[in-house]
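These notes are about the structure you will find just below.
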């Protein structure tokens, strides 16, 4: 192959006349440019490390402090209270340094020490200030004088122009709640779900735990919280994600959809060109820490940015007992899957990032490639979709050497994985339900052998130009991937754009080398394992009952006019819909974040409360008046917001109990209370997809550029998984999953109940269908 020859910098042959050395100037040029690129990235990382390391001060502030100290010394004023004189006396006892030199060195050393002390003081002061969360519990729209003063203090100590990781060392640690508080909150959460006898028994177990075993486990947990950066995150990653032996597909991975209505181009290669380039632009900003940290409360309170570190060049590696996460500092290629074949695509040429048209050129070459897959290659990715133990054993036995190892390394060490899907997906106005359901299922599992589910994310481009993403869950949570995806969709449409003929803008480049086809030698024994994994994955995928739909009746704009939280409104609608669907209440999981703390991830909001149950029962009781229902709605809504705030500020229930359970396992002691708590199924698992970069989309001028959000598979075999995104002011997109094998669930039936519940609750506020249209 021509590209293989181009990759060789020099060749030599031994002849009777000596050694004949032949140099490839093009290859040497590429090696030189690659080296310069690597050193440039190292320098930028070093520079960013220095800037982040001294934040909230700046490197230039060192010069200001030192000059200030030297100026006072010149004016015969001692700002050090004698410290400079002591430094002066200890500097040089041999007499080689002049007195003037010693004065200068002493002043610089003292100034540097003072500068470091100021940095530490500012950083610690900011950490103390950020430990205050009273602002979150204040009445909406009202801010006390104390909170305003606190905000001013935070802004003073926060420095200027923070980079992505600037606040990391200033974020407080996640606090460990008191055992009795957590136990009491737990009992309160399960009271509406248990009969009196069951609740009495659980209360006895809980009280015994809180008095006897709980304090012992708590002591070890507090010890860990003083030592570790976050007492939850490492155990959560290991025991909830990496030690899971079931398939990642459906059970753990989640997806993100493209824009709902718009397809900028129907050319698959062009969509891939712009999409890949946009992702790489985001990586470029991430490498330089140019992505702004997310700030709450009027750009005042920072969220933890640690999860961004492993977004690219990351892969989950299977193990027999536990998986590991492999993360590289850099990767200069991607791997593209098409029709059962794998291609390695270099991302740089002549020392620069490939342009969108050049990436499109690469992708078109792959689409036009007529070669057939090698034996076992077409279904190879099914290994990442099935059980983890067979994949781990197979990887060790058949992918540890030779061409298989080289090709697998190319996949696992790629910046990310790309799938050129052979199907057409997306919203179709003539059949919205079927088209959206098909789109969701394709992104969630595809054909089970055409996504590499171990990669941090797989970028999927469909035949008709629609795109999407499937993400692995262990390295980060959905809002982090959502941040990337918002940037990609915006950059694709508004920054990069397309030519009139649908191609990427710019010209093709005949000098860029062709993609490299990965080579495999897969024996029959390995092919048998692949088939077994594929069968497992197919059974799992075919059992997923998915329903994704846009809710057009109203959005968060009208909900806010009702003076209530949009999230609380939707959560109460979900409770009402579930009760109408099942005729009973269930343990409900709503994902909240704990990124107000360093290395925080998620916490559970137990959305099914006594207050929400009272409201739901009133809604199905024809004897209740609208006034009574509204009163119960407001009580339930306020309770939900309170529970959400507790979860965000480190006073949740489930992560604390989970960590206590882990400690009990390390100590080899059994806790009937913890065992029962952690075995309770979440039959309704919910999550809101946040919009984090609303400035990227001007929905007033471009109302058709609305996001579809994303979703995940059902958590319980007899339950529902519901994801939703509040887009703009007038649209809510829902993604509902369940299993066909459960006789109790039906995603489309639940969707109908949910639409009705949303409308029924809105009707309490006196908004008719006509008034809703006027609001639109």
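From the backbone N, Cα and C atoms, a Cβ is placed for every residue, glycine too.
If you look up Swiss-Prot, you'll see 2-47, 123-776 marked as topological domain 'Cytoplasmic', on the strength of sequence analysis. Per Swiss-Prot, the feature topological domain 'Mitochondrial intermembrane' maps to 74-102; the stated evidence is sequence analysis. The annotation 3'-nitrotyrosine is assigned in Swiss-Prot to 282, 589. Under the heading CoA binding site, Swiss-Prot lists 555, 556, 557, 558, 559, 560, 561, 562, 563, 564, 565, 566, 567, citing similarity to another entry as support. The phosphothreonine annotation in Swiss-Prot covers 588, 604. What Swiss-Prot lists as (R)-carnitine binding site is 589, 602, and the listing cites similarity to another entry. Residues or ranges marked as phosphoserine by Swiss-Prot: 741, 747.
A map of Swiss-Prot features onto the structure.
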residue : record                     : DSSP (3 states)
282     : 3'-nitrotyrosine           : helix
555     : CoA binding site           : coil
561     : CoA binding site           : helix
588     : phosphothreonine           : strand
602     : (R)-carnitine binding site : strand
747     : phosphoserine              : helix
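Figure note: comparing Cβ neighbours within 10 Å for the recorded positions 565, 741, the maximum is reached by 565. Beyond the topological domain 'Mitochondrial intermembrane' (74-102), the same-chain residues lying 6 or more positions past its ends with a Cβ under 8 Å from any Cβ of the stretch are 68, 109-110.
Residue 741 (phosphoserine) and residue 747 (phosphoserine) have their C-alpha atoms 12 Å apart, to the nearest angstrom.
Taking all protein chains in view, 26 other C-beta atoms sit within 10 angstroms of the C-beta of residue 588 (phosphothreonine).
Across the range of the topological domain 'Mitochondrial intermembrane' (74-102), the DSSP-based residue counts are 14 helix, 0 strand, 15 coil. Mean pLDDT of the predicted structure over the topological domain 'Cytoplasmic' (2-47): 59.
Classification of residue 567 (CoA binding site) by DSSP places it within a helix. Measuring Cα to Cα from residue 588 (phosphothreonine), none of the recorded positions 555, 561, 602, 747 fall within 10 Å. Binding-site extent for CoA: residues 555, 556, 557, 558, 559, 560, 561, 562, 563, 564, 565, 566, 567, maximum pairwise Cα distance 14 Å (rounded to the nearest whole number). Taking CA atoms as the reference points, residue 561 (CoA binding site) and residue 589 ((R)-carnitine binding site) are 27 Å apart.
Each of the binding-site residues 555, 557 was ranked by the number of other C-beta atoms within 10 Å, and first place falls to 555. It is 27 Å from the Cα atom of residue 557 (CoA binding site) to that of residue 747 (phosphoserine). Taking the centre of the Cβ atoms of 555, 556, 557, 558, 559, 560, 561, 562, 563, 564, 565, 566, 567 as the CoA site, the nearby residues of that chain (Cβ within 8 Å, site residues left out) are 569. In sequence order, 545, 546, 547, 720, 736, 737, 738 are the residues of the chain that are 6 or more apart from residue 747 (phosphoserine) and have a CB within less than 8 Å of its CB.
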